[in-house]
Amino acid sequence: MVPTGQVAEKQACEEPRQDRELKSWRWLVFYLCFFGFMAQLRPGESFITPYLLERNFTKEQVTNEIIPMLPYSHLAVLVPIFLLTDYLRYKPVLVLQCLSFVCVWLLLLLGTSVVHMQLMEVFYSITMAARIAYSSYIFSLVQPSRYQRMASYSRAAVLLGVFISSVLGQVLVTLGGISTYMLNCISLGFILFSLSLSLFLKRPKRSLFFNRSALVQGALPCELDQMHPGPGRPEPRKLERMLGTCRDSFLVRMLSELVKNVRQPQLRLWCLWWVFNSAGYYLITYYVHVLWKITDSRLNYNGAVDAASTLLSAITAFTAGFVNIRWALWSKLVIASVIAIQAGLVFCMFQIPDIWVCYVTFVLFRGAYQFLVPIATFQIASSLSKELCALVFGINTFLATALKTSITLVVSDKRGLGLQVHQQFRIYFMYFLTLSIICLAWAGLDGLRYYRRGRHQPLAQAQALSPLEDSVQAISLQDGDLRRPQPSAPQLLPEDGSVEDGRADLRVEAKA
């Protein structure tokens, strides 16, 4: 039996250590959020299209040669950057992102040819792919119980940075009379400062997939291990002899779990929305500034529109958190309605030759997309482990990038149809209209099945349990607990999404 004095002495020693740890992670989170804010301060980003046209690049070169390089290179670097982010434990990829931004703005300031601008797009695609490092980094700093709050802090820092950057750029251009060249010089200065901040970030000791040595040292197992603990885990050396490496075994189990979860109707639905709607959304944001310049070459309120759309996106995303309906029944109808609204807004963009209509419709278009992003995030994550969430979001992003790359190759690239921007927007309108009709027909079929079975009988889709829920229910029954299982919902943010949001110029993706 431990004497009372020794217990009190031990508790007295533990309290200062806990206070130091609390102050330490709070400082790390604050520093990371400050870095995320400063990394978004690029006031020249909203004015890149006017800048390129002032540098004597033609609208055809910008539309059919320079911009198409962005989705091509993004598709090429997406998977390598995703793997390197986890393997190198985040910090090196954040430094790489800042270095790539430096290269982007040096090429903008010093480049004189189409090839230089295409190389600029390649470096920008690296910054887009590297956004996953920022959103994932914060989860390695805190305990799972703090994920939701820390994710909101990091997201708010990014949105605030995008908003301030857009407002600053518009004020400098409209009131200060600063040229777009000088605006890009100011952006380069902010980027160099954010690069210096990235060098002092703490490199985590662990990551989600590759750096899992903490398991050997007695740390908590991953969520997949908790879901399927098995009869017992062999010693590390024995496991290495049996499977080669612990990493290979972990990835195999993840893929196996992913195959089981594919049968969930809600998961399939929202993943399909993510792929198809994201592809169309980013195609619009890539080319919308070219459309504005053609509609009215005199007015230049790109920064103000970016700021307004960012603010509305934050409001709609916040509002989505309070929507409480039976998603198993109404998901398809909600998706169809939002996509139909997007189709109507795209139609107004290219059909009504008024720059203010173009501005307003784009702000509403971004807000409509951002309204469904948090809903889709929760619907996908609500019955998956944290590891599977990261994998599913990565696959969704890759498929969306592949789709928009294919559309770009056919519609925009000079080696394809090489259409002008108004013709492209007409095709994008048909794209969103087709998606809305498909979703509406799908929702109608579900509604007919629902009323044929009787209003008081739930849909079969809503009754299906995910593998995670099955495992939780099995464990509950074994323990004699007959209560209904309540699967946890890990709070993960997509690439974000950043916020995969955007630069409302050639590459609004970095601000979404």
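Placed from the backbone N, Cα and C atoms, the Cβ positions cover glycine too.
Remember, predicted model here, so these are calculated numbers, not experimental data.
Annotated compositional bias 'Basic and acidic residues' per Swiss-Prot: 500-512, in sequence order.
According to DSSP, N56 (N-linked glycosylation site) sits in a coil region rather than a helix or strand. For N56 (N-linked glycosylation site), other Cβ atoms within 10 Å of its Cβ number 8. Taken from Swiss-Prot, the feature N-linked glycosylation site covers N56, and the record attributes it to sequence analysis.
According to Swiss-Prot, the feature N-acetylmethionine maps to M1.
Sequence annotations record features per position, and here Swiss-Prot assigns region 'Disordered' to 479-512.
The annotation topological domain 'Cytoplasmic' is assigned in Swiss-Prot to 1-29 (among others) on the grounds of similarity to another entry. For the topological domain 'Cytoplasmic' (1-29), the model's average pLDDT works out to 60.
According to Swiss-Prot, the feature topological domain 'Extracellular' maps to 51-62 (among others). Same-chain neighbours of the topological domain 'Extracellular' (51-62): 44, 108, 112, 114, 117, 180-181, 183-184, 290, 293-294, 414, 420-421, 506, counting only residues six or more beyond its ends whose CB sits under 8 Å from a CB of the stretch.
Feature annotation from Swiss-Prot assigns topological domain 'Cytoplasmic' to 86-89 (among others); the stated evidence is similarity to another entry.
According to Swiss-Prot, the topological domain 'Extracellular' annotation covers 111-114 (among others), on the basis of similarity to another entry. Below 8 angstroms of C-beta separation, residues 55, 57, 61, 65-66, 120 of the same chain, each at least six residues beyond the ends of the topological domain 'Extracellular' (111-114), sit close to that stretch.
What Swiss-Prot records for 138-151 (among others) is topological domain 'Cytoplasmic', and it gives similarity to another entry as the kind of evidence.
Look at Swiss-Prot and you will find 177-181 (among others) tagged as topological domain 'Extracellular'. Sequence-distant contacts of the topological domain 'Extracellular' (177-181) (same chain, at least 6 residues past either end, Cβ-Cβ under 8 Å): 44, 47, 50-51, 54, 109.
Taken from Swiss-Prot, the feature topological domain 'Cytoplasmic' applies to 201-266 (among others).
Annotation source Swiss-Prot lists topological domain 'Extracellular' at 293-300 (among others), citing similarity to another entry.
Look at Swiss-Prot and you will find 324-329 (among others) tagged as topological domain 'Cytoplasmic', backed by similarity to another entry.
Residues or ranges marked as topological domain 'Cytoplasmic' by Swiss-Prot: 378-391 (among others).
Among the features that Swiss-Prot reports, topological domain 'Extracellular' is placed at 416-423 (among others), with the record citing similarity to another entry.
Among the features that Swiss-Prot reports, topological domain 'Cytoplasmic' is placed at 449-512 (among others), with the record citing similarity to another entry.
Residue counts for the topological domain 'Extracellular' (416-423) under DSSP, helix first, then strand, then coil, are 3 helix, 0 strand, 5 coil.
The largest share of C-beta pairs under 8 angstroms with the transmembrane segment (90-110) comes from 182-200, of the ranges 30-50, 182-200, 267-292, 301-323, 424-448. The stretches the transmembrane segment (182-200) and the transmembrane segment (30-50) are in mutual contact, each linked to the other by at least three Cβ pairs under 8 Å (pairs 6 or more apart in sequence). Most Cβ pairs under 8 A with the transmembrane segment (301-323) among the ranges 63-85, 152-176, 267-292, 354-377, 392-415 are made by 354-377. For the topological domain 'Extracellular' (111-114), residue counts in helix, strand and coil come to 1 helix, 0 strand, 3 coil, using DSSP. For the transmembrane segment (330-350), same-chain residues at least 6 beyond its ends with a Cβ under 8 Å from one of its own Cβ atoms are 266, 269-270, 273, 277, 280-281, 284, 288, 291, 357-358, 361-362, 364-365, 368-369, 371-372, 379, 421-422, 425-426, 428-429, 432-433, 435-437, 439-440, 442-443, 446-447. Within the same chain, the transmembrane segment (267-292) stays apart from the transmembrane segment (152-176): fewer than three Cβ pairs sit under 8 Å, each pair at least 6 residues apart.
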